[in-house]
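Listed in TrEMBL:
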DISULFID  C348-C401  disulfide bond
DOMAIN    55-111  domain 'Ionotropic glutamate receptor L-glutamate and glycine-binding'
SITE      K293  site 'Interaction with the cone snail toxin Con-ikot-ikot'
SITE      K382  site 'Interaction with the cone snail toxin Con-ikot-ikot'
TRANSMEM  169-190  transmembrane segment
TRANSMEM  202-222  transmembrane segment
TRANSMEM  234-257  transmembrane segment
TRANSMEM  416-437  transmembrane segment
Amino acid sequence: MDKRLHFMFCVIIAMLLLRESSQTGENIWATTLAASQGPEENLPALTVTTILEDPYVMVRSAELEGYCIDLLKALASMLHFSYKVKLVGDGKYGAISSNGNWTGMIGEILRQEADIAVAPLTVTSAREEVVSFTTPFLQTGIGILLRKDTISQEMSFFHFLAPFSKETWTGLLFAYVLTCFCLFLVARLSPCEWNEPKNEENHFTFLNSLWFGAGALTLQGVTPRPKALSVRVIAAIWWLFTIALLAAYIANFTVLLGSGSEQLPIQTFEDLVKQRKLEFGTLDGSSTFYFFKNSKNPIHQMIYEYMDKRRDHVLVKTYQEAVQRVMKSNYAFIGESISQDLAAARHCNLIRAPEVIGARGFGIATAQASPWTKKLSIAVLKLRESGDLDYLRNKWWESTCLHKSRERWSPLEPQALGGLFLTLAIGLALGVIAAVVELSNKSRHAAGHVKKSCCSIFTEEMCTRLRIKENTRQSQETSGRANA
């Protein structure tokens with residue numbers, strides 16, 4: 001019996017010691033977080049409230065770090081103040097509760113539990129009525145965060161045309177027809193290709209020229225084969241054009257298939273409202289929620305009514321919860337676009353829809369009539385002008401996913417192939433000029449034999465090859481027989 005009592009007594013003592021140890025550990029953890037920078041001698045001390053959100057404020061090795069922590073250090077160095085950081089008690093940004101009091105970081109400033117709030121805190125008119133905000137240190141808006149496989153759609157039946165834009169395809173068709181016409185014309189004009197128009201058959205008819213151009217597009221050799229230098233110049237420049245064109249098409253089509261960059265079915269907030277596959281929501285009590293509540297836009301009102309009716313199901317408590325829900329279920333998160341860009345960079349299966357509404361900024365909140373408001377605003381402006389804010393933005397938004405992400409794809413526009421089109425045009429011009437020179441040389445030699453002017457022989461040759469004179473004579477004979 002004594003042994004049993006002794007054993008029970010030891011167990012109770014051990015449990016009490018473990019409980020005391022865990023409570024002590026919690027106090028040390030809280031103290032560590034609060035003592036990010038202790039007060040220094042002869043420096044004003046500020047209590048800073050913030051909230052945990054990646055990459056603004058994060059806990060690493062029992063210390064706080066992140067964009068807002070680096071910003072706070074830079075401000076303290078410029079304005080010469082010391083500070084201690086505390087995490088907001090209720091884990092909220094700040095909104096009016098049902099009893100009329102403010103929650104979150106705004107509430108702590110109003111209750112004088114903190115002097116300033118350095119966090120991704122959106123500047124809104126409702127918050128500006130009770131606290132003061134500095135110049136925004138980050139600009140953002142409201143976007144839609146989606147998971148890629150929840151918005152994927154079947155490829156179009158004509159998906160193989162996607163590597164080039166419609167304007168590019170139109171330009172290629174025009175270039176093909178123009179090149180084939182130049183082949184047909186130059187083959188008729190060149191005496192090296194068609195020496196005796198009255199006795200020989202010209203193999204480069206317009207249909208044969210179209211077939212020759214199409215064969216080059218598939219890298220296949222077709223007949224007839226050019227003999228004259230002028231025709232060979234046009235054929236060679238067309239072959240060069242088709243090789244470069246096929247290389248560009250294959251490269252862009254490969255990127256297209258690898259990136260899955262087909263057009264997203266959800267591009268705008270209107271698309272989000274019309275679809276029925278995804279649920280959507282935002283942070284409970286956030287400025288984004290009240291933006292849709294106060295907006296007069298019909299689409300925004302529909303979004304607010306949807307979220308308000310399903311408040312317990314679609315609204316999330318934290319940003320991390322929102323990201324996890326998007327990744328694991330058919331859910332679209334409506335929130336700050338700058339935070340969504342980071343999520344899409346860190347998680348390669350996430351993407352942000354193109355439309356961004358409600359341009360806004362993140363500012364530092366202070367008590368009204370606080371002397372620190374103007375000082376902090378000027379310091380933020382100086383950091384922006386010196387490029388320090390851009391440096392912090394690049395530092396904390398950098399991600400391995402950004403480097404490993406697939407290439408961004410877009411259809412090739414005519415401007416991208418402008419040099420290729422110009423080269424083809426120059427080649428066609430050279431071919432026509434070469435044909436004219438060849439015909440001129442033959443006319444000059446013929447003029448010496450028949451003792452006529454070179455111009456008259458050139459004109460006769462031109463009319464014969466283009467069948468102008470023959471058609472005219474036939475029409476005259478036909479009209480004469482009719483009159484008889």
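Going from the start of the chain as shown, residues are counted 1 onward.
Every residue, even glycine, has its Cβ placed from backbone N, Cα and C.
Sequence-distant contacts of K382 (site 'Interaction with the cone snail toxin Con-ikot-ikot'), defined as residues of its own chain at least six apart whose C-beta falls under 8 angstroms from its C-beta, comprise M78. Helix, strand and coil content of the domain 'Ionotropic glutamate receptor L-glutamate and glycine-binding' (55-111), in residues and according to DSSP, is 20 helix, 15 strand, 22 coil. Between the alpha carbons (Cα) of K293 (site 'Interaction with the cone snail toxin Con-ikot-ikot') and C348 (disulfide bond) lies a span of roughly 32 Å. Residue environment of K293 (site 'Interaction with the cone snail toxin Con-ikot-ikot') contains 14 other Cβ atoms, counted within 10 Å of its Cβ in all protein chains. Regional average pLDDT for the domain 'Ionotropic glutamate receptor L-glutamate and glycine-binding' (55-111) in the model is 91. Counting Cβ atoms from all protein chains shown, C348 (disulfide bond) has 15 others lying within 10 Å of its own Cβ.
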